[in-house]
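These notes concern the structure reproduced below.
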Amino acid sequence: MQATRFDTAHEDLIHDVAYNYYGKRLVTCSSDQRLKVWDFNESGNGVAQWELNDSWKAHDCSILKVIWANPEFGQVIASCSFDRQVKIWEEQEIEPKNSQKRWAEKFRLVESRGSVQDIEFAPGNGSLRLATCAADGIVRIYEALEPTNLTQWPQMEEFEISSNASSLNAHSASAGGGTGGSTMATSAFGSQAPSALAGGQGLAGGSAGASGGLQQAGPNQGRNSDAGGSYCLSWCPNRCPAPMMVVGLGRENGARIFKHDGQNRWYPGEYLPGHEKEVHDVCWAPSMGRSYQLIATACKDHFVRIFKLTEISATQSNPPQTPQSRNPSQSKLNLSPSASPNQSQVGKRFKVEVLATFDDHQAEVWRVEWNIEGTILASSGDDGTVRLWKAGFDGVWRQMSVISADGSNGGAHPSH
Amino acid sequence: MPANSRGQFPTFGSQTGFNPSRLSSDSTIVTESATPSQSDGQESQSPMDTLNAPPYQPLRYQLPGALNALSSSPDGEYVVVAGREVLKVLHVTTQEVTEYINLRTGSNLSLNYSSNDVKWGNNATKNKIATAATNGAIIIWDLNKSGRKTDRVISEHTRAVNRVCFQPNSGFTLLSASQDGNIKAWDLRDPKSLAKYSYEGKSESVRDVQFNPLHTYEFAAGFETGTIQKWDMRNLKPIYDRKVSAHNGPCLTVDWHSDGRTLASGGRDRTIKVWDMNSDSRKPQYTIRTMASVSRIQWRPGYDNEIASCALLSDNGLHVWDVRRPNIAKYTFDEHSTTPTGFQWLSSDTIISCAKDRYFMRHDIVGAYQPIELLRKNGIGWNIHGDLVFSIDKSAGDSFVDEISTPGVTSPANRKQRRSRTSTGDEMPLQYIPPQTCGIAHLPLFDYETFSVFAQNYVTSGEDIKMACETNAKIAWSMQRFRAAQTWKIIQLLFADMDDEASSSVNASDNGYVKALEDNTVNGTDAASETDSETSLRQGGNDYKDHDDLSSSSSESNEISSMSQNQEIVNDLLSYYTEQSDVQMCVTLFLVIQQHVHVGLEQLEDWFTSYIDLLHRFKLWTSATDIINACPIEAVRTINMNATTINIACNNCFKLVLSTARASWACDKCHKLLNPCSLCHQTVRGLYVWCQGCNHGGHLEHMRDWFSNNSQCPTGCGHTCTLDMSTRSHS
C-alpha cells in the first residue's frame, strides 16, 4: 500500500474529505470556514496530480461535513456547519478556477436550531433529496423540486431522533411550506422533567413556528444547545421498499434504524445495541446484492462496531411492493397518535447481530466509512490512525492495515 | 417592584459611607435584601434552577425585565444590572445571587432611566454608578445617598449615549460615547460643570469608548463607520492620535488588552480584530471570524491570548477565543436563551453575563463546553478505485493551542509562515495551525483494469452459451483471473449440451425449464422469491407465458433432474460471487445462462443496479447501456429511457421547437421554415452545411455549387464565406 501526502493548506482542522462519484474530484472542509475543491488532473505529460479547483469561505463557522451529489444533477456539493446552516453549491463553469466564485451558493437550509452535524444525499435515481441532522435532535429531509435549478428545497419530512419523543412527533411539513420551521411537537422539548412554570412559559407558544429560537422555554428546558449531543445519519444505500436510514442517537448512546412508512412519516425501527457512549458516526454499507446488510458505527467509547442485519422472512406477508412514493407532499399531515407504527409498515424487519467490535484505536473513534463495495471498512480516531477492517474467508472480521499520521503504514495484517 | 422592597431604602440611606465590602458582613441587611424577591413570583423560582442541576451549572437570577448591561463593583461582590425597566444592584457570591438595591423605585418611567449601558465607578467613585440612557442622558447614582440615589443627571448629549467609561485609576473622569458623534469627558468632582472636554471623532456615531488600563490618559473609541481611534487626553488639540479603518460596517465594541498596547475591536462584520496601537500597520494582528455581529468583547484576565465575545443577534453563546486560533472558540457558554447583551470577567475563571431573557448569570469556566470537543478531528473518504483519502489529527495532546509550536517561536516544523495569505497581512504568521495529516492511501483493492476489460469484452448474450463461455473464459484467463476462467469452463460444461438440444427444439427446452421452475417452487426453500421471479419472468418479456399451456408436454424427466442439479451448482456459484461482491460476474453469468437458471427478482435487481452503478462510476457508458438493455427487469430498463431529451431551437427566433414530435419543420413561434437552404429555400433534411461567419447555409450540394463560383454568401448578406479558401489560394 502506498500513500501520498496531500497538503490542503487549510488553516485549521479538516473535518471531512469526500470523493465525488467518479473518484476524480475531492472536496475538503475545515474549521477555517473554507471549502476546497480539488481536481485530479490526468492530462499533461503523464504526471497526474491533484490541483486546486477553488477555495472559498463558505460558512461562518466550522464546516463539519461536505458531500457530493450524484453527478446526474450536475456538479453539486452540500456542506453543513456549526453555524446551523446547510448550503448547496454548484460549480459555475464560466467562472475561472481559483476565483473564489467558481462555486455558487444555490440555496441555504436554515431550519436547524443547532449546529448541523451530518448530511447525506438520499440514494436512488431521479430525485435529489437531502437528509440533515442537527444538534436540536431533528432529522430533516429536503428535496430539490427542480433538480435542474436547485433553487427550491422545501422541507418534506422531519422526525425527532430522541426515543422519548417517539414516532408520534414525526411529521411532514407540507410542500412548499418547508421554510419557517413547521410546528414543533411541544412534548418533545426538553428532557424528562418539564419543570413546571419555567418550562411552561416557553412551551405555551411552542407552535409559534417561525419565531425560531425565541420560542424556547426557560433556561434549562428545551434549550437546543450545540453541546446537546452529536447526531449522525446514513441512508440505506440498498434497494428497499421504503427508504431507511440509521441514525446515531447522541446522548442516548446508541444507534437506531428509522424507516419511512411509504406515506410521509418515519418511524423508529431496530436499535443497534452495545454502545456505552455517544455514537460519533454511522455508515450503512452497500450490499451489492448480498442477502444481509452491514452497518458500522464509530463510538466515543473507543469501539468500532459492525452490525449485521438479516431480514426476517415474516415479511413474506407483505403486500406487493408499493412503488416508492416520491411525492409525500401530497399526503395530508398524519398525526393521529393511534396509528401504531408497527401496523401498516411496508419496511423490512431485521434481526440485528453484532458481527465485530474493535477497540484497537484506544481512543475516540470519529468516522467509519465503507468502500464502494461494502467489503472494507475504514475507521479513524483520535489516536491519529486510519484502520481498515475486512472479513476473512472464514467470515471473521479482522484488521487489515493501519495508516498512521506520521506517514508510516503500520503492519498490514493480511486477512488470512 | 413590590412596595416592601422600596420600604427598605431608609435602611440603606441611614448608613454613612457606603462600603460594599463592609456591607457583606452586615447580616441583617443582606438577608433582608435577599427576602424581598420572594414577594415577586418570577424571582422566587429563579434560584431554584440551580438545585436540580448537574455540576457546574451557572448561577442564575431572573429579573423583571430584559437586561442591557451589567457592571461589577471594584471588589467584584456586587453587580449592577441595567435594562429598559431594570436597574438593580445584586449581591453575587459563589453560592447565590440576591437582590441588594433596586435603583428603579417608584413609578418614574422617564426615558432617562432606560439604560443602554451601566458602569460602576472605582477608587473615588467606588460607590457611584453611571448609566447611559437611550435619550442621551447620563445619570450618576450615588449608593451612599439616602432616599433617591440619583446623584446627578447629565443631559448634554443630543442622542442616545451608547457607552460610558470611568477612568481606571482615579475614577473621577467619566467618558461618554454618544450616537450624536461626540465623546465627552466629565469631571465628577465638579457636579455642575459642563463637559470638561468634548472630542469629535469627525466620524459617525460613537459606539464604544474605553480608557487604556495602563496609560490612563489614553482612550480608544469605536465608530459606526467601522473606524477605531486612539485619543490622548493630554493633547489639547481636538484630533485623534491614531485612526484605523477596522471594520466593514459599524465597529460595535473595543477593549484594551492589559498590556496597554494591544486593542481588540469587534464589529457588525462578524469579526474581532486585534491591533497593535503603537505600530503603524494598517493590518490587524489577528482576525477572529465569528458567526454573528460582535456586540461586546473583553480580554480574559490572566490569559494574554484569550478574549470573550458575545453577539448582537442570532447567537446565544458567549464565546472565549484564543486569538491564535481564530476559527474555533476555545470555550462557549450556551446558557442564555437570547443573545447576551453584557458580560464581564470577574476573575480569570469567572464570568458574569446578562441578556434580554431577563437572566443574570454567573458562570465558571469549567461550566463552559469546548466546541473543539464536538468536532471530528479526522475525516476519511473512499473512492471507487480503492483510494482512501484521509485527514487525521497528529496531536495526541489536548491543548487547544500548542504553546511549543506557536507564535513567535519560529520553529521550522510549523507552517506559520503562510505566504499565501497576503490579503490579511504580514502579522498573520502568528496563527496556530493544528498539526493534521492529510493524504491519500492507494489500496490495491479494486482491479480497475480487469474490471473494464471484462466489462467491455465479456459476451453477455445467452444465444450461444458454448461460444459465450469459451470467449469469456479466454478473456478471464488472459487477465489472469483463473478462478473466473474456471467458472466459465464449468458453466460451459453444464449448459453447452443443453444449449445444443435447446437450439434443436427450442420449445421443448423452454418447457423443460418452466417445469424445472415449478419443481423448484415446490421444493425450494425460498418460496416467496421463487414465486416473485416466476411472475416476473412472465412479465419480463420472455415468452414463457405463451408456453404455459404446453408445459405438460414432452420433456423428459431425467433432463428435469439434471436441470435442477445445475441450478444448485449455479446457485452456489452465484452466491459465492455475491459474497465476494463480484457483481460483474453475477450479472454476466446470469445474462449468459438466463434461459436456464432462475434467480430471485430482488436479487437480480440488486446485482444489476450495483453493476450498472459501478460501470457508471468508471464511465463505461457503453457497457452500462448494454447491461441496462439486457436486464430482464422493467424498472432497470427504464433507466435508459429517463430524461433523454434532445431539444431543438429555431434558428431564427431561438425558441424551442416543440412540434418536432409531429415532424413539423416549421417554428411555432415565428412560423418560418427550419434550416432552410439559402439557395432553394427548402428545409434541409439531410446534411446541412453552413458558414460559421454569417450562419447561412443550406444543402451541401447547393452550397458546393455556389461556392465553386462565388466567394460571398448566397443570401447576399455580404459575408465572404470562403475567406479561408481565398487566403490559402493567395498564399
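Keep in mind that glycine also has a Cβ here, set from the backbone N, Cα and C atoms.
Look at TrEMBL and you will find B:1-57 (among others) tagged as region 'Disordered'.
Residues annotated as compositional bias 'Polar residues' in TrEMBL: B:1-49 (among others).
For the repeat 'WD' (B:154-196), the list of distant contacts is 112, 116-126, 128, 130-140, 203-211, 213, 216, 219, 221, 231, 233: same-chain residues at least six beyond its ends, Cβ to Cβ under 8 Å. The repeat 'WD' annotation in TrEMBL covers B:154-196 (among others).
Per TrEMBL, the feature repeat 'WD' maps to B:244-285 (among others). Helix, strand and coil residue tallies for the repeat 'WD' (B:244-285), in that order: 0 helix, 20 strand, 22 coil [DSSP].
The region 'Disordered' annotation in TrEMBL covers B:404-428 (among others).
As annotated by TrEMBL, region 'Disordered' applies to B:524-563 (among others).
The compositional bias 'Polar residues' feature in TrEMBL is assigned to B:524-539 (among others).
Look at TrEMBL and you will find B:551-563 tagged as compositional bias 'Low complexity'.
Residues annotated as domain 'WDR59/RTC1-like RING zinc finger' in TrEMBL: B:675-722. In the predicted model, the domain 'WDR59/RTC1-like RING zinc finger' (B:675-722) shows an average pLDDT of 80.
For the domain 'WDR59/RTC1-like RING zinc finger' (B:675-722), DSSP puts the residue distribution at 10 helix, 10 strand, 28 coil. When the repeat 'WD' (B:154-196) is classified with DSSP, helix, strand and coil residues number 0 helix, 19 strand, 24 coil.
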